Amino acid sequence: MELVLCFVIITISGVIRESSALLLRSPTSNDVFGELVASAERAQPLATRLTKRISRLNFNDREDDFWEDHGDASWNNSYTLVNGRTTLGSENRRRPASHSLIERPYYRDGRLSPVLGVQERRGRSVHSYHEEPVSFFDQRAFDEYTFRRRSQLHRQRARAGLRSRIKQNVRRLWTSARGAVRGWGRRVRRKIGDLFVGHLMPQLRRLRFWDQGLPPVVPPLIGNEPGQASVALVAERMEARLREKTLTEKNPTEAQQAVGTYLINSAENTWFISIPGGRYILLKKRGFLGGGGFGLVYHVEHPTTGQPFALKIFVQRVMNNEVGDKISDLIEDEFGVMKYFPPEWTPARMYSELRFMVPLLKLRVLGKPEFQDARNHLRIFSVCALFPKAQGDLEEAAALLADMDRTNAYNMRMSSTIQMVKLLARFHAFGLVHGDVKLQNFLVDKSGLLLLSDFTQILRTNERRYPPVVTVLYMSPEIATCLITRLRNAIPYTAEIDSWMLGISLYRLWCGDFPFGITLDATALQVAGIVIRSSASSLDFASCHDIPEQFREMIVGFLRKTPGVRLSPQQALEQFSLLNWKGPSPASDTASESEPVSTEEAALLQKE
């Protein structure tokens with residue numbers, strides 16, 4: 001029952017609402033709304049919507065009349081003239097004077113238009129008037145509008161097609177250009193990156209006030225040896241002679257001139273970078289120390305601290321534009337010595353404790369290529385080896401003994417002999433063979449201690465090598481036999497080969513010349529023939545200066561032709577007590593007998 005009652009109420013409300021709407025829409029002869037609706041119905045297919053103008057102000061507060069749209073669903077909308085007191089529909093009302101509800105046909109805002117709308121006007125005064133209805137539609141204006149509209153659409157389509165083609169072409173060109181620019185940009189960025197990383201960044205890093213290119217710290221040599229004060233005196237004379245040579249040397253060799261021109265110049269500081277590690281080091285060349293077949297050694301130091309170093313530069317003589325691999329292998333051998341020692345032995349520790357002169361760092365001259373060809377037959381490498389600086393080698397020191405008094409000369413030879421034997425025995429304890437023992441490879445420190453150097457030819461004990469490599473004047477009988485008989489079998493390298501070379505070195509230190517009548521200008525075949533024909537018993541010590549009898553026997557043991565009976569450095573330390581010499585007096589040892597060393601003394605020598 002309640003549902004039926006609700007339905008009846010809703011139905012009655014709808015009927016009342018529709019009746020009110022019909023009253024508002026009923027046209028009369030004098031009704032402005034009726035004429036408006038009639039005109040709008042005739043022009044409905046071409047008419048535009050009337051703008052809905054609704055004021056949200058309070059009607060009771062308004063003084064002027066305005067029009068309210070009751071809907072915009074179609075042109076059959078109902079309109080009501082509203083004033084401040086009442087709202088009326090379908091009645092004769094007064095409208096503003098001189099303001100037409102309908103715009104004039106044909107023109108709107110200065111342009112011809114077939115469809116005219118309705119605009120609302122407000123005036124200050126109102127009065128009753130009658131206006132004939134005006135048609136919304138004009139055929140001529142409509143035809144002109146249709147033609148203009150079609151032409152406009154055609155032009156718009158043409159312009160749209162042209163714009164589309166232009167956009168496609170521009171997009172295609174832009175894609176091609178962008179790809180080219182990206183490729184070019186990548187190459188440019190790569191070049192700029194290489195330039196920045198390789199050249200600008202090192203310069204910027206060097207500009208840092210805390211980075212002064214300091215070289216590594218060289219630890220002092222550990223230990224003392226008897227008679228090293230006399231050796232230090234000779235080292236001081238060697239340093240003075242080196243300074244004099246640096247000041248008076250006016251005619252450098254061709255290789256030295258090429259190094260000064262293409263690699264490092266003494267007139268300016270040179271930046272180096274360590275390999276590996278990338279540590280920047282600033283050094284200044286001070287003078288030339290010496291050179292060999294593939295290297296030149298220079299005295300360098302840090303310009304601020306003055307710490308001295310020895311810099312070895314590798315130079316290869318190239319003949320007929322042919323480049324061999326020997327120099328490259330030699331460079332690798334120079335820095336490959338550390339692989340033969342346990343990892344706990346660093347270069348600084350080996351220098352300080354073992355007294356082995358190994359390169360502290362592998363350097364490369366900053367801003368220089370890997371190598372440079374100078375004067376068509378010299379190849380200069382930018383890779384260098386940095387060593388602690390010594391005063392010179394033992395051959396230079398032996399040449400200065402003639403100008404010294406007998407006591408200091410004797411003490412210097414005694415101390416040098418003991419240190420040479422100990423150094424080589426210490427090296428053999430690692431199971432290695434030096435392969436190039438000679439006076440030039442024993443360096444003299446300013447403290448009077450000797451150091452063993454040049455480890456480019458080292459091998460493990462009993463390791464074979466063919467062809468053998470040796471300094472000609474220090475050739476052992478095994479290598480001489482291989483050279484004379486032209487054997488093509490690899491020769492096993494043992495400690496006995498080093499013992500022969502040590503015997504040659506000691507004989508030259510004490511006697512000033514080579515044994516068996518070998519001369520400095522002898523060829524390899526001549527030396528090989530002399531070594532094979534000679535025997536240790538034929539050694540002549542008549543020209544030797546105050547050599548002790550024990551050292552004569554020791555040199556004879558080192559120069560035995562048969563390797564099996566040849567004396568080794570470790571055996572010499574155990575057999576000859578004079579190697580444990582303590583006093584610096586030349587008269588303290590003139591005995592001819594040779595006393596064996598006791599067990600306690602041998603243990604002490606091994607510890608030393």
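Glycine residues also receive a Cβ, built from the backbone N, Cα and C atoms like all the rest.
Residues annotated as signal peptide in Swiss-Prot, with sequence analysis given as evidence: 1-21. As annotated by Swiss-Prot, N-linked glycosylation site applies to Asn76. Sequence annotations record features per position, and here Swiss-Prot assigns domain 'Protein kinase' to 283-579 based on sequence analysis. Summarising the annotation, Swiss-Prot assigns ATP binding site to Leu289, Gly290, Gly291, Gly292, Gly293, Phe294, Gly295, Leu296, Val297, Lys312 and lists sequence analysis as the type of evidence. Among the features that Swiss-Prot reports, active site, proton acceptor is placed at Asp436.
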C-alpha spacing of the residue listed as 'active site, proton acceptor' relative to Gly295 (ATP binding site), in angstrom: 16
C-alpha spacing of Gly291 (ATP binding site) relative to the residue listed as 'active site, proton acceptor', in angstrom: 16
Secondary-structure category, per DSSP, in which the residue listed as 'active site, proton acceptor' falls: coil
Binding-site residues (Gly291, Gly295), the one with most neighbouring Cβ atoms at 10 Å: Gly295
Other CB atoms within 10 A, centred on Val297 (ATP binding site): 17
